[in-house]
Amino acid sequence: MPQQSVVTKNRVVPLEKIRNVGIIAHIDSGKTTTTERILFYTGRTYKIGDIDEGTTQMDWMPQERERGITIVAAATTTFWKGMRINIIDTPGHVDFTAEVERSLRILDGGVVVFDAEEGVQSQSETVWRQADKYKVPRICFINKMDKLGANFDATVKEIEERLGAKPAVMVYPIGKEQEFKGAVDLLEMKALIWDDKDSQGTKYTITEKIPADIKEKVIQARAKLIEKIAETDDSLLNKYLNNEEISVAELKKTLRKAVIDYKLIPVYAGTSLRNKGVQPVLDAIVDYLPSPADLKEIKAVNPKTGKEESRKLINEEKFSALAFKIQLDPHVGKLTYTRIYSGTLESGSYVYNVTRNKKERVSRVLIMHANQREEIDKAYAGEIVALVGPKDSKTGDTLADPEGPIILERITFPDPVISLAIEPKTKADQEKLSYTLQRLAEEDPTFRVKINHETGQTIMSGMGELHLEILVDRMRREMGMQVNTGKPQVAYKETITRLAEGEGKYIKQTGGHGQYGHCLIKIEPLSRGSGFKFINKIKGASIPSEFIPPVEKGIIEAMEKGILVGYPMTDLQAALYDGSYHDVDSSDIAFKIAGSMALQDAAKKAGLSLIEPIMKLEVTVPENFMGVVIGDISAKRGKILGTEKRSRAVVIKAYVPLADMSGYATVIRSLTEGRGFFYMEPSHYEEVPRNIIQSMISK
Ligand code: GDP
């Protein structure tokens, strides 16, 4: 690694010159290829004459791809025309909320890649809606223009109709499929034609000569674009309506504002694989996507006062940052990726993890650049860096200056709702299995691993069937771990519905040293999501204080095993109020057993019940399928919350028990002739109907 590379030397730029962007796409539409090309062109342009580094970078990437590892780190820095572009890796699979949410949370802008033949695919729709939620300005790149069946206009139309977006079509493609040559830049009215003989796509001609066969259409397309831009700004609209000349610079400036205000989405065309059309997308990132300076400030909460505060996104403010990803790196250990919102951070300093109320030492600060990582002394506002040193910081935590603690809007991660048993194909791999699972769990806050002590089984749990499927697939592909899995199980929980008392007495006197533990407890229900609370109400010396923690432990153990069906208990409080002991025979273990017995005794009288995860479901279907879909949701014990009309579709919102949603993708496909799609996320827990509990018990 060079002493100080171009990245470190040139990384400190004014805020206006920073772009924090993510490349978002439906799987297989070309996100990896496009990212790779972006890194190539930006690296090449910067390091003129430094072909060696360029080629190594190219060589390195296919290798990484063969090994099935994501080609870039969670964030990578690159430069284009004096601007610094930080590319944040967004998950390839967006079927689980948390992954997407955390990357969208820290992006300032997004590049959405589409397959010109496939058009708008379901995954793009899902991310699109999340990007709407987080108000992320976007540009679109319609990729694979070389592919048979590529259809630029149809894809634009889908972006408009299915995504409800207002596209600003910036280019007119020249040729298509095998004949795709380039595109006309509609603002500049210049044709960009790539040199077919140049295999790297760095050579292209820019000409004002628009091919005669498309000239008329190009003029029409330009008029449409100008009208769209003008409509976003009153003074420009006046000029437009009065047929006054509007300069390209003026159009660009207005368009930039419109993109940042979520009014327009610039659309480009190209083929990453054939190296055509990627550079204009880089220009668009610079021209139209916001810099941190455009965002000006971020809202946060002061944990001491509970009041809202804001931080200007500048170096001169107190330090604040959000940890958005944890990655275990084979070389440097645990990396905490953070986006710095305000202030600066020096290596060797301490930061305050406000979320966990912990001081953490930052021993090293790293800048990621494609396959390289470089150490820096100081990081600035707007930067995305990886920290070495923090031990306890997790995804979603706020790191701040101890003198000015704030909590940035949290990324909330719900509890897992589904689980399955997993075991290695060969016994010898047991240790590797726990290591692999632990690694995945460190990186993914919604994935948990547990050993069932009764059966010895390893249980993994997550946010949905697909989530677990993908994790198992990653274990196979990325970590070479062969496993067998059981059937997915819904994560039911047991709880109580009324107050009750219980007694636990454990006495054993079979010669020699005996056992004696005795306790009386009172349990009562707590509100949903409260978990467990233990209260010690022992007055006097009926139980010596050293035996109190064992009683609590015994209660917790009994709760974990469950009583009604065998699911863990939750949302209850247990108060220990009396008991007795024996001078010689009492022990920790005896009181633990007594605690367990007391809980079991009390729970049986406390109106045991079962609660189940309820999913928030959103189904988007053409209107004529609305009836069948609603009927099906009702048959699944679902509760329709409402329907919303979109341009050509209806969105049905509902709560549905997860237990009835297994294989829903197939159900929706067959109900709607493949035209419906859905988005589902865990919402809350609700009591399972009595008749269903009965049948579960009898099983
Ligand atoms: P990702 O899953 O979105 O990261 O997509 P990849 O970049 O891995 O690409 C998926 C597949 O599409 C690969 O086989 C690529 O070679 C291919 N691909 C990517 N870009 C293009 C393109 O512009 N044209 C064609 N025909 N294929 C492409």
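Every residue, even glycine, has its Cβ placed from backbone N, Cα and C.
TrEMBL annotations: computationally assigned, not manually curated.
In TrEMBL this protein carries:
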BINDING   25-32, 89-93, 143-146  GTP binding site
DOMAIN    16-293  domain 'Tr-type G'
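DSSP classifies Ala25 (GTP binding site) as strand under the three-state reduction. Ligand 1 lies under 6 Å from the Cβ of Ala25, Asp28, out of the binding-site residues Ala25, Asp28, Thr90, Met145. Note on the domain 'Tr-type G' (16-293): mean pLDDT across this stretch is 83. Its Cβ taken as reference, Ala25 (GTP binding site) is surrounded by 27 other Cβ atoms within 10 Å in the chains shown. Secondary structure at Met145 (GTP binding site), as computed by DSSP, is coil. The most densely surrounded of the binding-site residues Asp28, Lys31, Thr90, Met145, judged by C-beta neighbours within 10 angstroms, is Met145. In three-state terms derived from DSSP, Thr90 (GTP binding site) belongs to neither a helical nor a strand segment and is classed as coil.
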